[in-house]
Amino acid sequence: MDIIIRRTPDEVGAYAADCIEPFARQGATIGLATGSTPNPTYKELIRRHREEGLSFANCKAFLLDEYYGLPRDHEQSYYSTIRREFTGSIDIPDAAVASPNGEAEDPHSAAASYDHAIRHAGGVDIQILGIGANGHIAFNEPTSSLRSRTRLIDLHPRTIEDNARFFDSADEVPRQALSQGIGTILEARHLVLIATGPAKANAVQALVEGPLSASCPASALQLHNAATVVVDESAAELLSDAETYKDFDPYWR
Ligand code: PGA
């Protein structure tokens, strides 16, 4: 893993945007994450699109996950969120932005179709990831199999609590989601996990310095050959050996 520590969330976003830009230029397939953490990255990519002509016209995108049972046009569905926060402000064709079907009658076959669609598109070239305070990636909660595939997941009470800020109350947060599995995520050719703020410090420490364990789903990044973890100083504050991590650009940049 490459560990990159930057001073602020905006600097983290600029670094992550630097990682994604060459893939956009190649018309790659980009894996997108929702949540607050990637927003500075998306803002920077939108700026480069508007001011520097960075085009995503030949790209495809796959979202990591989607609430199950929330209509696609609900403002908090991830289908709507990614359009509002990112893809609606760049030139990627709307039909090229895929997400799991959270309205499917049969969630199990919707999950299998999603894995199939990713493979059919040739796989994800670069995947952006956030991390939950409990170490989850996408909606893979602690105890998720490290080889899991896209599937229906019951959300952890902590995740429901964390996401309640986007809804009028915790009661309105859907209880289930369709999420790419850890095995699915590990098939992406490059991973860029971003984390900012002190609330993520424990999870970042477990991801970077803890054992490989389903108790911290993000620790599965230790198995990947091109995973970059980009954190700000407050998310890095519990790393016991931060000063020795090489702040080198990853080999693939
Ligand atoms: P956040 O969510 O970026 O809103 O903190 C990250 C996650 O739960 O994966």
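Heads up, the Cβ atoms here are built off N, Cα and C, so glycines get one too.
Taken straight from TrEMBL:
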{"type": "ACT_SITE", "residues": "ASP65", "note": "active site, proton acceptor"}
{"type": "ACT_SITE", "residues": "ASN134", "note": "active site, for ring-opening step"}
{"type": "ACT_SITE", "residues": "HIS136", "note": "active site, proton acceptor"}
{"type": "ACT_SITE", "residues": "GLU141", "note": "active site, for ring-opening step"}
{"type": "DOMAIN", "residues": "16-228", "note": "domain 'Glucosamine/galactosamine-6-phosphate isomerase'"}
Number of other Cβ atoms within 10 Å of the Cβ of ASN134 (active site, for ring-opening step) across all protein chains: 19
Per-region confidence, the domain 'Glucosamine/galactosamine-6-phosphate isomerase' (16-228) (mean pLDDT, whole number): 97
Surrounding CB atoms that lie within 10 Å of the CB of ASP65 (active site, proton acceptor), all protein chains: 23
Cβ contacts of HIS136 (active site, proton acceptor) (under 8 Å, same chain, 6 or more positions away): PRO142, SER144, HIS156, THR159, PRO217, ALA218
Residues that sit under 8 angstroms from GLU141 (active site, for ring-opening step) by C-beta distance, when 6+ apart in the chain: GLY132, ASN134, ILE153, ASP154, LEU155, HIS156, THR159, PRO217
